[in-house]
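Have a look at the structure below, then the notes.
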Amino acid sequence: MPSYTVTVATGSQWFAGTDDYIYLTLVGSVRCSEKHLLDKPFYNDFERGAVDSYDVTVDEELGDILLIKVEKRKYWLHDDWYLKYITLKTPYGEYIEFPCYRWFTGEGEIVLRDGRAKLARDDQIHILKQHRRKELETRQKLYRWMEWNPGFPLSIDAKYHSDLPRDIQFDSEKGVDFVLNYSKAMENLFVNRFMHMFQSSWSDFADFEKIFVKISNTISEYVMKHWQEDFMFGYQFLNGCNPVMIQRCTKIPEKFPVTTEMVECSLERQLTLEEEIQQGNIFIVDFEILDGIDANKTDPCTLQYLAAPICLLYKNLENKIVPIAIQINQTPGNDNPIFLPSDAKYDWLLAKIWVRSSDFHVHQTITHLLRTHLMSEVFGIAMFRQLPAVHPVFKLLVAHVRFTIAINTKAREQLICECGLFDKANATGGGGHVQMVQRAMKDLTYQSLLFPEYIKARGMDSKEDIPYYFYRDDGLKVWEAIRSFTMEIVEIYYESDEVVMEDMELQDFVNDVYVYGMRGKKASGFPKSIKTREKLAEYLTVVIFTASAQHAAVNFGQYDWCSWIPNAPPTMRAPPPTEKGVVTIEKIVETLPDRGRSCWHLGAVWALSQFQENELFLGMYPEEHFIEKPVKEAMVKFRKNLDVIVGGITERNKNKKLPYYYLSPDRVPNSVAI
């Protein structure tokens, strides 16, 4: 009688093992086997991290094995089980791999296909077509779209993390409890003694060191020492937390009436402002999106303020970018002066602090939350709804949406919800952050997610003209490595553009992103369909780059750049100055966040800058969804390309006082998970 050897691998996560009864049925092209109980006498089967083997004997020939059914029945108490994979050794010595990487909750069955990636056109057998269709029908019931706020990209229909499908929940919910993590961070940072001192001002800048000095690192300490310098202010627009705002200025806006006479002492080339613009030496950052956003009113004891500054910057003869003019609000006038480096020291310093605070708000809500977290969730939900596990695009992308839906759900539950943690310390809390996302959706285009195009659109692409823009340099290398990898995968499974066009599952995935993610807005430029292999590789690059490199670039530097409170104030407690010559050091300290808010902010930026436990970095694919040799070879090549980038970044950073490492692939997690 034919005999099969079945090997079952259980996950190594906490509580991955099970004591329940596990049954296996083999579905062949000729017939199905009986249901076999997988059980070894006097042995504890399916323990966490175990790989167990069983002999399964069948009465008759089954033909080619098409599917395997795995059934779980209660033994004593219900427990979940994480099944990594099953391998089958046939009576003829062949090995068939069945990837799973899913949780089994309660009682029921999972039907698995072998690990070869297949497009729908490759499935000619009815039972395989049916399996494919049923999987998507089940997923579409589990992964439902929901509008969390009007004008937002749609998100997952789950109020709490515990409502999510088990497969996309965190292994340990405690690991992503924001309240717990922030409180623990403040305890670890020795700042919890200040935590409840809301409304209590610091006495001077040095006083901020009480919550800083114990936890400084190389970059944050450098920031603390140099934050008042114009060089440090300008440098952050290139390589700080929010390196996406600066653009080359081609014309001074009418709403920002800066003249040559105003900035003459800052221009080093004996040219007029207009001539400097023509030579490409003038840059601008405009925070117009903050204009009219409601400031936080959740605490009646503390008035909080927002501004919408415009800042002009200049590339000096040392190729350093420095600020030369700041207008704190959008409408010019006598009560909204243009501040200059030639003004009194504290006038100029407070104007720069207003810009830094505005930059912090745009970074947190738009650059970070909307353009990485929420977009990656859209890609993830569309993937689960429209691509079966056997689809090559699912196999490619699943590692890049790991825990993304979970972290976003937890954020909506605790962080950015009404009365959430965001309200505690941020001037855009209490609803301002919602207004910002609604506005920013108008500028969120597919083109703006194409990294090289976005750099070019801002006039920031010339390495000769702007030599120290490491975010651009490293980002372009990582983008190209990902694009090259996705192109190889696409060419393995799609032999022509026609095959791409005919892949309706792929087209449904792309259409879901457009219709639900971008709310069907034509102006977004998101494709409704994809017609060529080239465009498919580009689209997959956007998904992977957004979830990995872009998120890393704007997330993991938060502690470095924002822990020194005066450099990134999360709120301002006095309105902007309306005239020059009135600002004092006391006025600045009274404007900056109080002790309690400073501590909440510090706990947040520290917690958000930490990697997940057991983090998976770019190029790491420990779950073997792909089994084909050409794909595994492409993965090896991808990792080698990434290693070259790591080497180059490491070499460049040697002896640098301000190393830039946020886009080094060994520090870029695969997915948005924090």
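Each Cβ is built from the backbone N, Cα and C atoms, and glycine gets one as well.
Of all Cβ atoms in the shown protein chains, 21 besides its own fall within 10 Å of the Cβ of Gly17 (Ca(2+) 1 binding site). Per TrEMBL, Ca(2+) 1 binding site is recorded for Gly17, Asp79, Asp80.
The Ca(2+) 2 binding site annotation in TrEMBL covers Asp39.
The Fe cation binding site annotation in TrEMBL covers His368, His373, His551, Ile674. Residue environment of His551 (Fe cation binding site) contains 27 other Cβ atoms, counted within 10 Å of its Cβ in all protein chains.
Look at TrEMBL and you will find 2-118 tagged as domain 'PLAT'.
Marked as domain 'Lipoxygenase' by TrEMBL: 118-674.
Sequence annotations record features per position, and here TrEMBL assigns site 'Essential for stabilizing binding to COTL1' to Trp103.
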Original post:
Within 8 Å of the centroid of the Cβ atoms of Gly17, Asp79, Asp80, which other residues of that chain place their own Cβ, given that this set defines the recorded Ca(2+) 1 site?
Top reply: Phe15, Ala16, Thr18, Asp19, Asp20, Trp81, Tyr82
Original post:
Far apart in sequence but close in space: which same-chain residues, 6 or more away, have a Cβ under 8 Å from Asp39 (Ca(2+) 2 binding site)?
Top reply: Tyr21, Ile22, Asp45, Tyr54
**OP:** Determine which residues of this chain, when His368, His373, His551, Ile674 are set aside, have a Cβ within 8 Å of the centroid of the Fe cation site's Cβ atoms, and list them as they appear in the sequence.
**Re:** Leu369, Thr372, Ser376, Ile407, Val554, Asn555, Leu608, Val672
Original post:
In sequence order, which residues at least six apart in the same chain have a CB under 8 Å from the CB of His373 (Fe cation binding site)?
Top reply: Thr404, Ile407, Asn408, Ala411, His551, Val672
Subject >> C-beta crowding around Ile674 (Fe cation binding site), within 10 angstroms >> reply: 20
Original post:
In terms of Cα spacing, which of the recorded positions Trp103, His368, Ile674 are within 10 angstroms of Asp80 (Ca(2+) 1 binding site)?
Top reply: Trp103
Subject >> Protein Cβ atoms within 10 Å of Asp80 (Ca(2+) 1 binding site), excluding its own >> reply: 16
Subject >> Cβ packing number for Asp79 (Ca(2+) 1 binding site), 10 Å threshold >> reply: 17
